[in-house]
Amino acid sequence: MPTATAESIPDHIASLFKKQFHETPLIVRSPGRVNLIGEHTDYNEGFVLPASIDKAAYVAITPRTDDQFHWIAADLKDELIGDIHSLQKSSKGWPNYLMGVTQQLLKAGHKVKGFNCVFSGDVPIGAGMSSSAALECAVAFSLNELFHLKISKVDLVKLCQKAENEFVGVKSGIMDQFASMFGKKDHVIRLDCRSLEYEYFPFKMQDIRIVLCDTQVKHSLVTSEYNTRRAQCEAGVKLLQQYAPEIQSLRDVELSLLEQHRMEMDPVVYNRCLYVVEENARLLEATEDLQRGDMASFGNRMYLTHYGLRDLYEVSCPELDFLVEFTENEEIVLGSRMMGGGFGGCTINLVKEENIDSFYDRITAAYKKGMKKDLKIYTGKIESGTSIISQ
Ligand code: GAF
């Protein structure tokens, strides 16, 4: 892993690149994300409220005139050489994000050639802050620049999502790539995942911090369970469509309709649908809290999201539950919940700044005692989305 700090990562990869390829590369930064509320709603065509953060993937990249690629994962001290027309899924993991994006560009008929790339980053891997979407967006954004493809940012986002769905094999929604690409400093994005209309809401509070508590747990069932949740939501929609054919996704489902047909549904499918329908409504109410500056109410809704994810959607794990439950008795914590796909990763917390250090000490000690694991804590600063650092 690099010893470089966030500020020095671009310099670090630029010098590695020059040493290896004797050229000055284009350098692009693409951030990870947090999501304040609206979890597992994106692939149900609902709403999400993410923001891009100060941790990012960085790529140093130049075009080639042939179809070869030479990619270097600086942090892993690993590399791969090949041909862009014979991309095979790799068991190493990291090449799949670059391959997926390259394959989608080729599939869409864009004129891309091979390219050399060195990448690094400081988005914690497996912590639920979307290190993979950050890398995909960095690569797609760079290739768009290098080969003058003139693809819009929205289309780049869609392309990266497809790369994740089709090449990597996770049937993820669009939130992570959208947040990485469209993030704005000190703002959260309310994104309508059906129309892709979005609105920025200021999110900079003098006395409240976004705190991420990393369980340092990543369960192996993440991908399969994620895809199963998606299929269960689709099964619910299919059943309800028999009675209300205008419904396209859970986004269109009213609680009353769901209740009316509860007995015809598999109980697990019902629970999944109930969570999503409630979460969508919760997000819209939470944005109203935000506009009114009522962060106590916003925080309460975060807890309700967690309980839904834990009890109805069943994507939490003991470590995440432990951390959220610990904060229930902490006066300075306004809201806490698991964030992202689940089964490990981080909780996101809204914490009053006053005496925050002693809170860090208490939760770290409690986690060690209760879960026998070390806790990592990050403060999430909201920074801008994907951009060129130097060229
Ligand atoms: C993961 C996915 F990539 C997102 O699309 C989203 O579904 C999220 O889990 C859950 O809200 O980060």
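Going from the start of the chain as shown, residues are counted 1 onward.
Placed from the backbone N, Cα and C atoms, the Cβ positions cover glycine too.
Bear in mind that TrEMBL entries carry predicted annotations, made automatically and left uncurated.
Copied over from TrEMBL:
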- Arg33: site 'Transition state stabilizer' (SITE)
- Gly126, Ala127, Gly128, Met129, Ser130, Ser131, Ser132: ATP binding site (BINDING)
- Ser132, Glu164: Mg(2+) binding site (BINDING)
- Asp176: active site, proton acceptor (ACT_SITE)
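DSSP classifies Ser132 (ATP binding site) as helix under the three-state reduction.
Ranked by how many other Cβ atoms sit within 10 Å of their Cβ, the binding-site residues Ser130, Ser131, Ser132 place Ser131 at the bottom. Asp176 are the recorded positions among Arg33, Gly126, Gly128, Met129, Glu164, Asp176 whose C-beta comes within less than 6 Å of an atom of ligand 1, given in sequence order. Neighbour counts were taken as the number of other C-beta atoms within 10 angstroms of each residue's C-beta; across the binding-site residues Ala127, Met129, the minimum falls on Ala127.
In terms of C-alpha distance, the listed recorded positions Arg33, Glu164, Asp176 place Arg33 closest to Met129 (ATP binding site). Fewest other C-beta atoms within 10 Å: among the recorded positions Arg33, Gly126, Gly128, Glu164, Asp176, that description fits Gly126. Of all the binding-site residues in the record (Ala127, Ser130, Ser131, Glu164), the one with the smallest CA separation from Arg33 (site 'Transition state stabilizer') is Ser130. Taking the centre of the Cβ atoms of Gly126, Ala127, Gly128, Met129, Ser130, Ser131, Ser132 as the ATP site, the nearby residues of that chain (Cβ within 8 Å, site residues left out) are Gly32, Val123, Pro124, Ile125, Gly340, Gly345. The two recorded residues, Gly128 (ATP binding site) and the residue listed as 'active site, proton acceptor', have Cα atoms 10 Å apart. Nothing from the binding-site residues Gly126, Ala127, Glu164 places its Cα within 10 Å of the Cα belonging to Asp176 (active site, proton acceptor). Secondary structure at Gly126 (ATP binding site), taken from DSSP and collapsed to helix, strand or coil, is coil.
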